[in-house]
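Participant: What TrEMBL records for this protein is below:
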type	residues	note
TRANSMEM	12-31	transmembrane segment
TRANSMEM	37-60	transmembrane segment
TRANSMEM	67-88	transmembrane segment
TRANSMEM	94-115	transmembrane segment
TRANSMEM	127-144	transmembrane segment
Amino acid sequence: MILTKTEKTTGIVLAILLLLLTLSGSGYFFFTLKVNFVQWLAYNACSPSSLVYLVGFIAFWLTKKSFWLPLAFLPIYYFGTMGLFTFTWNGANIFAQLSHITMTLNLLWAGYTLYRIADYKGFAQGLLWSILLFVPYIAFVMYYCRTHAQEINNLLQMTA
């Protein structure tokens, strides 16, 4: 890899921050809101997406294969970056917005890194797998949330 020490350190710091926010958010959903695993997958879609990114990040560092880094691009963009524009910026959502900002920064770092490495074949393969794996997941989240709207509303009332 041709990354500078600063670029590597930035990526690691962003990944650690994402991990801490993901664990904290997941803990909130599991222990405070007491959701089950399927509810967590749907209502806290940022956390599973972030975990996939972190697994890909670690695999990228261990194998030096560009394929792993963009594996979670689609869900990180959809749930993280788009979340910046769909969640409000007050109350309990401030924590969610911190996670969305961190997800977006990790996405930008990964994109920059892939540009610097210039392994476009690996990037394209990882992006293709991201689409194939996560379009069904995004569809599941949307369907589940739509069919369980009252349940979501009840959970949101608990956080108000």
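Numbers run from 1 along the shown chain.
From the backbone N, Cα and C atoms, a Cβ is placed for every residue, glycine too.
Nobody curates TrEMBL annotations by hand; they come from automatic prediction.
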Participant: Go through 67-88, 94-115, 127-144 and flag the stretch with the largest number of C-beta pairs under 8 Å relative to the transmembrane segment (37-60).
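Facilitator: Between the stretches 67-88, 94-115, 127-144, 67-88 has the largest tally.
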Participant: If we skip the immediate neighbours and take only residues 6+ beyond the ends of the transmembrane segment (94-115), which ones have a Cβ under 8 Å from one of its Cβ atoms?
Facilitator: 3, 7, 10-11, 14-15, 17-18, 21-22, 24-25, 28, 46, 49-50, 53, 57, 66, 69-70, 73, 76-77, 79-81, 83-84, 87, 122-123
